[in-house]
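Here is the structure we will look at.
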Amino acid sequence: MTSLIQSLQSLTTRVQALEAARNGGSASSGNQGNSGSGGLSGRSFRRLRNRVRTLERTMQSIQTLLTTDECDSNPCLNGGTCIDMYNGYICRCPSNFQGPQCTQDVNECVIYAGTDLGCQNGATCFNTHGGYTCHCTSNYHGIHCRETHDDCTGASPMELCGHGVCVNVARPVAGHARYRCICDEGWTTSGSDPACTQDVNECNGHTHCSMDPPVMCVNIPGSYTCGSCPAGQY
């Protein structure tokens with residue numbers, strides 16, 4: 001791009017030199033339409049000058065487009081990553097969202113149905129914003145309803161708690177599970193199940209990102225990120 005601009009500037013300088021030579025030659029020439037710059041006619045010279053000016057405006061427009069960062073406005077939502085392109089941008093979405101700006105929730109209940117990632121043993125799948133939950137039938141436990149054991153010792157702690165640590169407890173009430181989950185930071189339970197499957201929205205009511213200048217807070221599964229800083233800020 002720099003070399004093109006330099007070439008354009010050089011061409012502009014040459015045209016200006018031709019114009020100066022033509023004006024000087026015209027003062028001593030009595031032939032209308034002829035110039036003193038190598039026989040270049042006035043009409044041809046004006047056409048050349050207009051083409052150079054058009055090219056100059058086009059190059060300036062291209063330079064503006066190349067130096068504009070379309071990601072500054074944080075167009076990618078729900079944890080999507082913005083990639084600046086020429087006169088546009090592309091959003092790379094996390095696996096649970098899709099669409100040009102990552103605004104469309106992926107229905108995992110449909111995608112994972114009949115696979116190991118779906119709800120097992122007759123469980124009912126409920127799609128949620130950015131995820132899904134399984135409501136198990138009797139005698140099954142865990143985030144996918146695979147486990148028949150209701151304690152950390154006999155079952156997979158990961159399956160029982162998801163994003164958390166499984167801890168055995170005394171059975172509080174007949175029919176209740178004999179474990180509880182200590183959730184990792186950024187995760188919580190749904191209230192109806194011990195598993196840590198619900199994302200905490202750290203951006204709600206908190207000021208994790210800069211307020212002056214204002215920077216957008218973007219919630220992502222289990223955490224958050226801050227949008228792009230304004231130009232000149234870090």
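For all residues, glycine too, the Cβ spot is worked out from N, Cα and C.
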Among Cys136, Cys152, cysteine joined to Cys145 by disulfide in TrEMBL: Cys136
Per TrEMBL, cysteine bonded by disulfide to Cys102 (from Cys93, Cys119): Cys93
For Cys145 (disulfide bond), the number of other Cβ atoms found within 10 Å of its own Cβ: 22
The domain 'EGF-like' (67-103), counted residue by residue under DSSP: helix, strand, coil: 5 helix, 12 strand, 20 coil
Residue counts (helix, strand, coil, in that order) that DSSP gives for the domain 'EGF-like' (105-146): 4 helix, 12 strand, 26 coil
Neighbourhood of Cys136 (disulfide bond), C-beta criterion under 8 angstroms, separation at least six: Cys119, Asn121, Ala123, Gly142, Cys145
Those residues of the chain, 6+ apart, with a Cβ under 8 Å from that of Cys93 (disulfide bond): Cys76, Asn78, Gly79, Gly80, Gly99, Cys102
